[in-house]
Amino acid sequence: MQAILALDQGTTSSRAIVYDAHGGVLGTAQQDFPQYFPQPGWVEHDPGEIWQSQYRVMIQAVERAGIPWSAIAGLGLTNQRETTLLWDRATGEPLHRAIVWQDRRTARLCDDLRRDGHERLFRERTGLLLDPYFSGTKLRWLLDHVPGARRRAEAGELAFGTVDSWLIWQLTGGRLHLTDASNASRTLLCNIHSGDWDPDLLAALDIPAALLPEIIDSSGVCGTTCCAGVPEGIPIAGVAGDQQAALYGQGCHEAGLAKCTYGTGAFLLMHTGERPIASANRLLTTVAWRIGGRTAYALEGSVFIAGAVVQWLRDGLGLIRSSDEIEALARQVPDTGGVYLVPAFAGLGAPHWDPDARGILVGMTRGTERPHIARAALESMAFQATEVIGAMEVDAGLAVKELRVDGGASANDLLMQFQADLLGAPVLRPADTEATAAGAAALAARAVGLNGARPSAEAAFTAFSPRLSRYEVEQRMATWQRAVRRAGGWARDDD
């Protein structure tokens with residue numbers, strides 16, 4: 001027997017899944033780990049906790065699969081993107097907690113870069129916006145605020161990486177400092193047209209090139225394992241950012257196919273072929289993957305808060321005891337009773353890109369009860385996704401005829417039905433909603449010749465067809481957009 005081990009390092013948990021040569025699941029493991037919030041708008045991880053949680057589930061998944069390590073033909077890796085780490089090349093010790101993609105501490109730096117006339121440079125070469133979401137300004141903050149970091153970086157003593165780089169470093173015993181093209185494209189430092197680190201971008205952010213990892217293909221053996229507890233020599237054969245991995249895992253291998261992953265945030269990608277499409281609607285142009293030196297591109301819209309709004313109802317408000325309860329609670333009412341929740345807890349992502357927006361709950365009366373708020377929270381995910389898809393359709397010049405979905409919240413039938421209603425198009429949910437891990441496994445399987453483990457565009461789906469009239473949808477969207485306008489700019493210091 002031959003198998004693929006997929007590592008899926010996310011924002012709130014690490015997981016590992018072992019797939020057989022036909023794509024069937026043999027064993028899984030998952031472990032949560034904490035986020036830290038040292039100041040309002042700041043979000044951090046402990047790099048050691050990232051690695052230790054990923055290491056533990058890797059071991060557990062293989063044990064639960066009931067196969068020897070010698071059966072693992074390759075390892076695929078996918079990860080939360082943009083989260084930024086800085087560590088000592090000699091010791092492997094981090095210099096600071098990882099700054100998470102949700103973190104907004106560099107909003108003013110982004111303002112300064114725009115004011116200095118750099119926005120066009122970054123937009124044209126990276127396909128991204130000058131926003132705190134991306135890695136480049138986070139790395140600049142670390143260099144400016146960690147004592148001695150800039151001097152040591154210029155001396156070549158430090159390594160920068162996104163989470164894929166950190167895990168590859170750990171898996172190879174510090175022998176390899178790499179990142180794949182999809183992760184590199186999320187840093188504000190990579191020219192997506194040439195596929196290389198861009199000297200002008202580095203200069204604009206004052207970042208030494210000595211910090212940077214080598215950029216590699218998303219599918220291909222880049223090294224082998226060399227860490228305690230894991231046999232040496234297992235090929236590391238696939239690496240991609242989580243949303244690009246999900247696009248691949250959903251079988252969206254042709255231009256015009258789109259998917260939405262509902263995780264902590266919601267992430268929508270549309271494959272656009274082998275040429276990047278510049279967005280006129282504040283979407284991101286990004287690398288989908290690079291295989292055999294050929295780059296596929298995508299349009300992307302990122303919603304910062306999706307499933308995290310359910311966590312907030314559970315942990316912040318105590319409205320539910322577990323996330324699984326929300327659908328049953330929301331079904332107790334036929335609608336939200338006019339309540340709208342805009343979960344701009346960390347600003348708004350695409351297509352608004354407003355770091356100063358903040359969450360609001362509007363439309364409440366004395367008749368508003370827990371189920372109305374629960375339903376408004378679920379509907380907020382669908383409203384945000386619909387805004388992004390509308391912008392994609394304009395940029396790409398075509399209509400999304402169906403949306404493929406995955407991620408934890410895609411198991412919620414109420415949410416998926418409302419998403420189909422708003423889109424006016426079918427929503428297709430695969431039997432296996434772990435498309436992120438499946439994509440990483442498929443990229444690795446491709447590299448080691450296990451083609452049976454690769455995803456099919458014709459996989460079995462559960463379909464949700466639209467039911468609401470277009471008039472009702474237009475009314476609901478208009479009210480949602482009015483609520484969004486009220487949330488906009490709330491934290492801005494207008495004085």
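Cβ atoms are placed via backbone N, Cα and C, with glycine included.
Just one of TYR19, TYR133, TYR297 is listed by Swiss-Prot for the same glycerol site as ARG81, GLU82, ASP242, GLN243, and that one is TYR133. For the ATP site, Swiss-Prot gives THR11, THR12, SER13, THR264, GLY307, GLN311; the one candidate out of GLY117, GLY161, GLY408 that the record lists there too is GLY408. Under DSSP, GLY408 (ATP binding site) is assigned to a helix (H, G or I) in the three-state scheme. Around the Cβ of GLN243 (glycerol binding site), 31 further Cβ atoms fall within 10 Å across all displayed protein chains. Taking every pair among THR11, THR12, SER13, THR264, GLY307, GLN311, GLY408, the residues recorded as binding ATP, the greatest CA to CA distance is 13 Å. Its Cβ placed at the centre, ARG81 (sn-glycerol 3-phosphate binding site) has 26 other Cβ atoms within 10 Å. For the binding site of glycerol, formed by ARG81, GLU82, TYR133, ASP242, GLN243 according to the record, the largest Cα to Cα distance is 15 Å, rounded to a whole number. Here the binding-site residues are GLY307, GLY408; the one with the fewest Cβ atoms within 10 Å of its Cβ is GLY408.
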